[in-house]
Ligand SMILES: CC(C)(COP(=O)(O)OP(=O)(O)OC[C@H]1O[C@@H](n2cnc3c(N)ncnc32)[C@H](O)[C@@H]1OP(=O)(O)O)[C@@H](O)C(=O)NCCC(=O)NCCS
């Protein structure tokens, strides 16, 4: 059956359970949705493909914000993408993606890609990397006992999210790539269903307090019992560590790295420039695996470029091409620095020619335009424009995402 008989439409709240089932089957995970998932679902932001009465494809977006260099902006958080196996390779995803991108009210879309080969064709590009740490505690120990080590405590009680949320917002003002969370999403993040623990302990929530008693850092972790021939070798799974103060950062890591009976710490969301490297005895022994995290796609080039800030002054005319979103084609005059930015359509001669993918991949400041120029994807018409623009697009703090959505 060809995809011409397949119809796209916006979802309704009643589609939720079927969409969830379709996505779970496509991703091959066993999960039933909860009332909370139904509340988080934004039907008006989900597209479905139907073949007669059968739902055969879906792509959802969540309304969230994202930190970018120098700002926090609205970004369509794309998720739940799947096509029924009987209907694949007939262009359904292409139709869903094109429509979703054209209709997005935000100036950019962001996603995690389970399969890296899929999204480049739609103008998405990997824009942030994440580092997975596996820390052997017999080789890697903290240098010193930090000053605030005695101000780490466990947090229990009802208002946990309210205490942690301001710290995530503060992190957004410091590091690009961090997604904001509504109350519902905080609720989801802190859910701790026994069936999701994979044999690990219930989640422990640690906080660090400053000298006045205010919470200035938190860590979410679990332990998993393990015995090696030579003795206890428990695993610590660090899910999230957010600290807005150096003492809190140091103290929370110290706690995690010195837990009794533990042989290993796993942490999947470290940044490329994770400061932990400075705090341990043997950074070379941190086993680090580099992966892609966020893929970015600018849906409105001039608005997106005006929304972020730049590491150094830039004044450049960019000639942009975009196969999917017509209004992104053309020339844009970008003037910006670390404090303000404008980006207007122009007829002036271009300094650089490139496509929306290169602008998307460099948008969070974690990749250089020079990398794309090296494979011919950026053409420099004005000598010096590449280096000036590439420098301005970088950012001193590497982008990282601390959750998969
Ligand atoms: C990935 C998926 C959504 C693609 O849906 P689809 O309707 O088959 O995709 P399309 O027919 O529109 O394919 C568009 C293009 O992408 C390519 N493509 C599709 N899925 C691909 C995959 N998994 N790997 C590599 N290329 C893929 C197609 O070959 C096609 O290429 P072409 O334009 O050169 O002809 C679907 O295969 C699926 O549900 N997979 C399992 C779930 C999943 O991976 N979801 C993504 C989570 S991030």
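The backbone N, Cα and C atoms fix where each Cβ goes, glycine too.
A simple way to gauge crowding: the CB of residue 119 (active site, proton donor) has 21 other CB atoms within 10 angstroms, across all the protein chains here. For 119, the entry in TrEMBL reads active site, proton donor.
Cβ contacts within 10 Å of residue 405 (active site, proton acceptor), excluding its own Cβ and spanning all protein chains shown: 17. Annotation comment: TrEMBL describes 405 as active site, proton acceptor.
The feature acetyl-CoA binding site is assigned by TrEMBL to 81, 82, 83, 89, 90, 91, 92, 93, 94, 114, 115. The Cβ neighbour count for residue 94 (acetyl-CoA binding site), using a 10 Å radius over every protein chain in view, is 13.
The domain 'N-acetyltransferase' annotation in TrEMBL covers 6-146.
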Integer Cα-Cα distance in angstrom, residue 94 (acetyl-CoA binding site) to residue 405 (active site, proton acceptor): 21
Cα distance (Å, whole number) from residue 119 (active site, proton donor) to residue 81 (acetyl-CoA binding site): 11
Residue 405 (active site, proton acceptor) versus binding-site residues 83, 90, 92, 115 - nearest by Cα: 115
Where the C-beta lies under 6 angstroms from ligand 1, the matching recorded positions among 81, 94, 405: 81, 94
